[in-house]
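Taken verbatim from TrEMBL:
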- Arg47, Lys68, Glu117, Tyr118, Ala119, Glu166, Asn167, Asp180: ATP binding site (BINDING)
- Asp162: active site, proton acceptor (ACT_SITE)
- Lys164: SUMO2 cross-link (CROSSLNK)
Amino acid sequence: MSDQKSDFRLKPLTLEELQQPAESIPDEYKDWKIHDFETGFALGNGRFGRVFLVRETKTELNFLLAMKVLFKAQLSKYNMEHQLRREIEIHQRVKHPNIVRLFTWINHTDKIFLLLEYAPGGDMYTHLSKLRRFTERRTATYVWQISDALSYCHSKGVIHRDIKPENILIGARGQALLADFGWAAQSPKESRHGRRKTGCGTTDYMAPEIISKIAYDSKIDNWMIGVLCYELLVGNPPFESKDTKETNEKITSVTYTFPDYVKTGARDLISKLLLAEPKKRLAMKDVVTHEWVVKKATQDPIPFPDQ
């Protein structure tokens, strides 16, 4: 990443730049070095580093990317090196139109740089906070796209384990992009049915089997899609409570209600995902073809009111 002063952050981005599809970036990215990038503005901050908008200068196309800068000292302090290695290994293996692409990573003296697909629409949670809740059309479209991405992940033996609006970005063409594979896990072939026991995820989205600390598999992602669908339609997760203990009790007993405005089709989908018995939850491929999703979802971009 160049240390020279640049007016890149001051230049307005063109529509053509913002709509560069990730799949159009050529194989040259395999040879990218830090000095091949011009730094733009900061996109966000985290416990272990920052994310910047960058423009690569190696090709004539000058692709825009998101560069996550992670500080090794922070990673070491919290014993996160192993988790980062797993995240990189898994994320580089999954390539789907609705998954944020990790192009490559660069190991530097005191930092690690991840070169990711840039999602100009930001994260889904920010938009949900502004609008309070989404329409059926928008919700069904996002549920369709993320479920298709998860169906693909599961076919590769990958469990995401941390689905929530904060971990879903909005791409250049308005599409939902599954991001943040920090909690993702590869279903171990040597483990019976690929079941795991380690805790993960965000409390409001945790499946009953995680709360109960029993073995689980990819069906926890199916549960989380049910929670996501509910939150996008209603504005808050179905099991949200004043404290963690009450939330956990509601999750394990699957106690929730629908506001009157949630339509029958959406209720049917959510109720088939939020089931205590993992095996009974609707398969991800069946979420994609669910009648409500097929009827309400669209392939056309859905702009937000402020766009």
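Heads up, the Cβ atoms here are built off N, Cα and C, so glycines get one too.
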Annotated ATP contacts Arg47, Lys68, Glu117, Tyr118, Ala119, Glu166, Asn167, Asp180, maximal Cα-Cα distance (Å, integer):
21
Counting every protein chain present, what is the number of Cβ atoms, excluding its own, within 10 Å of the Cβ of Glu166 (ATP binding site)?
15
For Tyr118 (ATP binding site), list the number of other Cβ atoms lying within 10 Å of its Cβ atom.
26
Cβ packing number for Lys164 (SUMO2 cross-link), 10 Å threshold:
19
Cα-Cα separation of Ala119 (ATP binding site) and Lys164 (SUMO2 cross-link), in Å?
16
In whole Å, how far is Lys164 (SUMO2 cross-link) from Tyr118 (ATP binding site) when you measure between their Cα atoms?
19
If you count the C-beta atoms lying within 10 Å of each candidate's C-beta, which of the binding-site residues Arg47, Lys68 ends up with the smallest number?
Arg47
Specify the count of other C-beta atoms within 10 Å of the C-beta of Ala119 (ATP binding site).
21
State the count of C-beta atoms found within 10 angstroms of the C-beta of Asn167 (ATP binding site), not counting that atom itself.
24
If I take the alpha carbons of Lys68 (ATP binding site) and the residue listed as 'SUMO2 cross-link', what is the distance between them in whole Å?
20
Using a 10 Å radius around its CB, how many other CB atoms surround Glu117 (ATP binding site)?
23
Asp180 (ATP binding site): tally of other CB atoms within 10 A of its CB:
19
Helix, strand or coil for Lys68 (ATP binding site)? Use DSSP.
strand
